[in-house]
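To start, the structure itself, in structure tokens.
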């Protein structure tokens, strides 16, 4: 089922960008834009990481447990699962905001909602208010995530785009580290502020986005979709050509984007129905949905939200040790996430996905065996090996699901359906997160280490699906990937327009044919 989609294609625009000898840090305009991307766009996922540790670390705080009545089972599950539940409610409206008002306004809207939810969370006076606050945060979060991931992919110079979109998810661990470290420090406060302070700090990433997002340019692809060609041209000239209006690269880029958007709009109604209208879109829909499930049902939620319960299974019940181990794991995960993002240009996408998912499977099997051995005979060696396997999980997960998630989504979904595609990914991801956060405490409480066997089986299924369904997308521009599963005539139409531009705009048929042949050979 992989077929022709896996055949490598060295797109001309991609080749021109990769052959550019000047690194990004020596380009003043591009450097300034990248530095702004970090606080206001790439940092969006810090909120997700912060949230996982707010729940994970807060459950280790005596004051939090006393205030909310020592939650267990389904009550503990809904306290954690309220955020993904709120996300699922808000997802259908994201493409409307994102494609109507632009990426920046969508980020601003989501960030403002999250600030409101965080304030309510920090001053909650009972469990119901706490759950409602987390649902509000969850409602706003995917607006920022969908728009932010689109903006990164559509603004970045092609040479750095995969790395930047991969770093987007790696910032999850920055938020997790701050939350884990803050909660570790506030555990010595003998009152409710031990959990209220970290809860209020969760608004920090959103405040960064609110303050900085309008210092960034709008997506040139969004501007072109609104017939604002001159504005889009100026963005590309400033950041992709350092202000040079005669840049051959930008001229070619503008033509490729414009022609591709025209073809997309001719074949799209810009509605949810587009997601199932053609065989190609149905395959994209299937991949996006499965990717959403895989990112949250590959065993990561167990570690992210219920590490305390997992450590209790292997005999580590001291809250201080749990907090220190958790903080160390988040720091290690950040190293793994950034490292995976920085090597994303060196390997093919399918290679990274298959290596990562098989490594996750191996780690989970080994962890499950060690947990079972400890429960059977209280082996100290088995307990310590379990601690090792929990740490070993991070590089395996980061290699595929952290580093590649948004890079891959942006590549497989064309502009006209990109926001809807990522929203669908978010829907299945948040639904899986809701399921995992709600069910995991029930499962571990009911059957203990045997609950890990469920994940072992599912991870193996994921590996099979990735092998048969995931196409290769590396080495191509976003515009070429827009026709990944579509008719060749669409791609050739874009190539012809690009060839004409490179031939100097001549109407001479022989010159244009030669230019097209040059494009196909490069």
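Even glycines carry a Cβ here, placed using N, Cα and C.
Annotation source TrEMBL lists transmembrane segment at 34-55 (among others).
A mean pLDDT of 88 is what the model gives for the domain 'Major facilitator superfamily (MFS) profile' (37-474). Residues or ranges marked as domain 'Major facilitator superfamily (MFS) profile' by TrEMBL: 37-474.
Taken from TrEMBL, the feature transmembrane segment applies to 75-94 (among others).
Annotation source TrEMBL lists transmembrane segment at 106-125 (among others).
Marked as transmembrane segment by TrEMBL: 131-152 (among others).
Residues annotated as transmembrane segment in TrEMBL: 164-185 (among others).
Note on the transmembrane segment (197-216): residues 33, 36-37, 39-41, 43-44, 46-47, 50-51, 54, 57-58, 104, 107-108, 111-112, 114-115, 118-119, 121-122, 124, 137, 140, 144, 148, 151, 155, 175, 178-179, 182-183, 186, 189 of its chain, located 6 or more positions outside it, place their CB under 8 angstroms from a CB of the stretch. What TrEMBL records for 197-216 (among others) is transmembrane segment.
Listed by sequence, the residues of this chain that lie at least six past the ends of the transmembrane segment (285-307) yet keep a Cβ under 8 A from its Cβ atoms are 52-53, 55-56, 59, 80, 176, 275-276, 322, 325-326, 329, 357, 360, 364, 390, 393, 397, 401, 405, 408-409, 412-413, 421-422, 424-433, 435-437, 440-441, 444, 452, 455, 458-459, 462, 465-466, 469-470. Per TrEMBL, the feature transmembrane segment maps to 285-307 (among others).
Per TrEMBL, the feature transmembrane segment maps to 327-345 (among others).
What TrEMBL lists as transmembrane segment is 352-376 (among others). Tertiary proximity for the transmembrane segment (352-376) is limited to same-chain residues at least six positions away from its ends with a CB under 8 Å from its CB atoms, namely 294, 298-299, 313-315, 340, 344, 382-383, 385-386, 389-390, 392-393, 395-401, 403-404, 448-450, 452-453, 455-456, 459-460, 462-463, 466-467, 470.
Taken from TrEMBL, the feature transmembrane segment applies to 388-409 (among others).
Per TrEMBL, transmembrane segment is recorded for 451-470 (among others).
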